[in-house]
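Novice: As listed in TrEMBL for this protein:
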- 1-99: domain 'SRCR' (DOMAIN)
- CYS70-CYS80: disulfide bond (DISULFID)
- 104-199: domain 'SRCR' (DOMAIN)
- CYS168-CYS178: disulfide bond (DISULFID)
Amino acid sequence: LRLAGGRSRCEGRVEMEQAGTWGTVCDDAWDLADADVVCRQLRCGRAVRVYGNASFGRGSGPILRDEVGCKGHEEHLWDCPAVLEHDCSHKEDASVVCSEHQEWRLSGGRDGCAGRVEVFFRGTWSTVCDSSWYELEASVLCRTLGCGEPLQQLSFGHTLPGRMLYQCDSQEPSLAHCRWTYNKSAPCHQSRAAGVVCNGTA
């Protein structure tokens, strides 16, 4: 089982392998209980968003399941009742965003390449503590967002419920590849919310 077409391994189109061939799942009756099984099986937490209509692009290969009816406690997606005969096309491929997926945005700036750093994680938007937010962390984020390199560091107040802390040791592909802690109060004590102006535009 895997998720394809997303920005991390915990988001995307649901694909499963059967008899050596990768295929997709039809979105008929696709719901949170089904998606929860997928997220748990992939060690991606729980499902926070469920999509149909090939939201992460159309897959290829056979459509292996239709009318999936998980209760939510199953260990594997293939343990759930489903119809193997289908009347679907790939425009109905099912997908999911799991709680361990992280995505980022810069808000309150002139465009998507400047502002306060916010991370979507476990179903909610959070701010990022600036206590370990340096040039390297800012550079990883600017590149991930397609915004070039950091020009200026900013600081803001924490006004969202959650707080994330990142510590990168090298130029990682995204902040999720760095060390991170979520809602641990000690390292974020007396911190401000990190912000950055990147030299690109979005």
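Using N, Cα and C of the backbone, Cβ positions are placed for all residues, glycine too.
The structure displayed is predicted, hence computed values, not measured ones.
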Novice: Counting every protein chain present, what is the number of Cβ atoms, excluding its own, within 10 Å of the Cβ of CYS80 (disulfide bond)?
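Specialist: Around CYS80 (disulfide bond), other Cβ atoms within 10 Å: 19.
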Novice: From the Cα of CYS168 (disulfide bond) across to the Cα of CYS80 (disulfide bond), what is the distance in angstrom?
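Specialist: Distance between the two Cα atoms comes out at 40 Å.
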Novice: Among the disulfide-bonded residues CYS70, CYS168, CYS178, which residue has its Cβ surrounded by the fewest other Cβ atoms within 10 Å?
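Specialist: Among the disulfide-bonded residues CYS70, CYS168, CYS178, the lowest count of other Cβ atoms within 10 Å belongs to CYS178.
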Novice: Expressed to the nearest Å, what is the distance separating CYS70 (disulfide bond) and CYS168 (disulfide bond) at their Cα atoms?
Specialist: 39
Novice: How many of the residues that make up the domain 'SRCR' (1-99) does DSSP mark as helix, as strand and as coil?
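Specialist: Residue counts in helix, strand and coil order: 16 helix, 33 strand, 50 coil.
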